[in-house]
Number of protein chains: 2
Amino acid sequence: MKIHILGCYAATPRTFTNPTSQVLELKNQHFLIDCGEGTQVQLRKQKIKFSRINHIFISHLHGDHFYGLIGLISTFTLLNRENDLHVYGPVGIKEIILLQLKISNSYTGYNLYFHELSSTESEIIFEDEKVQVKTIPLKHRVYTNGYLFKEKNVKRKLNLEVIERYKIDTCYYQKIQFGGDVTLEDGRTIPNAELSFEPDYEKSYAFCSDTVYNEDILPIIKDVDVLYHESTFLETEAHLAEKTMHTTAKQAAQIAKNANVKNLIMGHYSTRYGNIDLFKEEAGTIFENIHLADDGKSFEF
Amino acid sequence: MKIHILGCYAATPRTFTNPTSQVLELKNQHFLIDCGEGTQVQLRKQKIKFSRINHIFISHLHGDHFYGLIGLISTFTLLNRENDLHVYGPVGIKEIILLQLKISNSYTGYNLYFHELSSTESEIIFEDEKVQVKTIPLKHRVYTNGYLFKEKNVKRKLNLEVIERYKIDTCYYQKIQFGGDVTLEDGRTIPNAELSFEPDYEKSYAFCSDTVYNEDILPIIKDVDVLYHESTFLETEAHLAEKTMHTTAKQAAQIAKNANVKNLIMGHYSTRYGNIDLFKEEAGTIFENIHLADDGKSFEF
């Protein structure tokens, strides 16, 4: 699992800081999460192939999280993209993108699918044989979701009790793990569902930005390997965090601790602070495994 | 007159090249022309004060000319802008911007005026005591305008024939130039309109991008001090210029020559060419005073 931080600063793009966008590499797939202005240039700078991106997840419709989307969608057309592109985000995203394509008379040369979200309950929005993605309902000034990505183990778990009861030889174990049925010597066929359980999940990644401190998300993100949680402010500006519905560094660490996550990546820093190490110092009093996001930085777990 | 090139490359923003945007400084006013993605970062890099920009002119609604506008408008709000902002551009621009502000629940804290254009005839769209701006109807794949900026001389021209007939002393000349009437010794008051003519224009700047080679614009841009004309391709790609409704370097020079302009700035280069000097070489066979635009470059005339 790799996380490429394209941008991790709040509000406006500046000379040396970019608004939110990141690429999650999971099971050889690239998932783009949020797409602030300038995302396509950040993708080029980090040498991430545009063609690898087939799924884009937008947390909410504040500009610093999606103003780069229309440009990326247009650039895909100029690059002669053929693969389908799926965009997940709040209701409204489809109208915004399609209006701009319509008025500029430049529809995409590939299939563009919108999956608009409006539920305030966590829901599965993407699933294939390798990865599952669920929403994490967040609390912000507009409708917002975080996203929970889970790697699936491709191998099903053996139900050893049943397997032994049928006296099935170990040479069939791999077949069962990959979903196969087994025919016994007496001619009976035992369906795979009887011989195995659903596969375990492997690595998991939770992206939570933007949000106030919200313990409602704890059951959803419990025990994840990596939590990216916004920490726009330090505790000295806790009043601003409350007013603007953002989180302080200390609060982000508290969420990480209460959810028993293995690693916390902090980001979405306000540009008022000259030194992002201050976020780690403050959060470090609550939680140990802290990583500071920064534009251009990649993490591997 | 100063021209700051924020971006002058065609199509998508890349690591080292930006889509179209430029700031024209005329009579101590800043006019922003086009606003591709990343324009606000380019403004910061060139240290142009955001608060100086009160008028934005969009040529057409292809993404590389306006995708940065919504971000700039949002940033103005975050910077607590109070001055009115005027946006001039094709019909549709208002709907695109307002939809995004509405859905993100983030209206501007300042007055935002849209001046939507649909005429195919040249028209005056802005005028104050110092500057006049007219459209230059262009031919491209969508409705497109160039813009002609003319500095007005604040001083009216003396009608010396009439002034001498009334035997008016030279000490009144300045008063007449600034619009004053003159009372003669015999008590008669001579209105200024009788004593002076409309002021001459001083410097003029014509921005023409994107367009095919189009001689219809010659009467409008005749004799301008500086013409910025797109030159997306070289003659070797003339077939692409025709197909995509763009201009070659040679054609841009031909327009400059036929319009008898004093200086030609070339830009809107396709990124397929490694070396923009090739544009000057090709155009130089037709026209002499050629300047090559490049991102971050400023010109003073």
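Positions of Cβ are set from backbone N, Cα and C atoms, glycine also.
Per TrEMBL, the features are as follows:
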BINDING   B:HIS60, B:HIS62, B:HIS140, B:ASP210  Zn(2+) 1 binding site
BINDING   B:ASP64, B:HIS65, B:ASP210, B:HIS268  Zn(2+) 2 binding site
ACT_SITE  B:ASP64  active site, proton acceptor
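Feature annotations (TrEMBL) mapped to structure.
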{"residue": "B:HIS60", "record": "Zn(2+) 1 binding site", "DSSP (3 states)": "coil"}
{"residue": "B:HIS65", "record": "Zn(2+) 2 binding site", "DSSP (3 states)": "helix"}
{"residue": "B:HIS140", "record": "Zn(2+) 1 binding site", "DSSP (3 states)": "coil"}
{"residue": "B:ASP210", "record": "Zn(2+) 1 binding site", "DSSP (3 states)": "coil"}
{"residue": "B:HIS268", "record": "Zn(2+) 2 binding site", "DSSP (3 states)": "coil"}
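Checking the binding-site residues B:HIS62, B:HIS65, B:HIS140, B:ASP210, B:HIS268 against chain A with a Cβ-Cβ cut-off under 8 Å leaves B:HIS62, in sequence order.
In sequence order, B:SER59, B:HIS60, B:HIS62, B:HIS65, B:LEU138, B:HIS140, B:THR144, B:GLU230, B:THR232, B:MET245, B:HIS246, B:HIS268 constitute the residues six or more apart from B:ASP210 (Zn(2+) 1 binding site) in its chain with CB-CB distances below 8 Å. For the binding-site residues given as B:HIS60, B:HIS65, B:HIS140, B:HIS268, the lowest number of other CB atoms within 10 Å of the residue's CB is seen at B:HIS140. Fewest Cβ neighbours within 10 Å among the binding-site residues B:HIS62, B:ASP64: this applies to B:HIS62. Those same-chain residues not listed among B:HIS60, B:HIS62, B:HIS140, B:ASP210 yet with C-beta within 8 angstroms of the centroid of the Zn(2+) 1 site C-beta atoms are B:SER59, B:LEU61, B:HIS65, B:LEU138, B:ARG141, B:VAL142, B:THR144, B:SER209, B:THR211, B:MET245. Apart from the site residues B:ASP64, B:HIS65, B:ASP210, B:HIS268, the chain places the Cβ of B:ALA10, B:ALA11, B:PRO19, B:THR20, B:ASP34, B:GLY36, B:SER59, B:HIS60, B:HIS62, B:SER209, B:GLU230 no farther than 8 Å from the centroid of the site's Cβ atoms, the recorded Zn(2+) 2 location.
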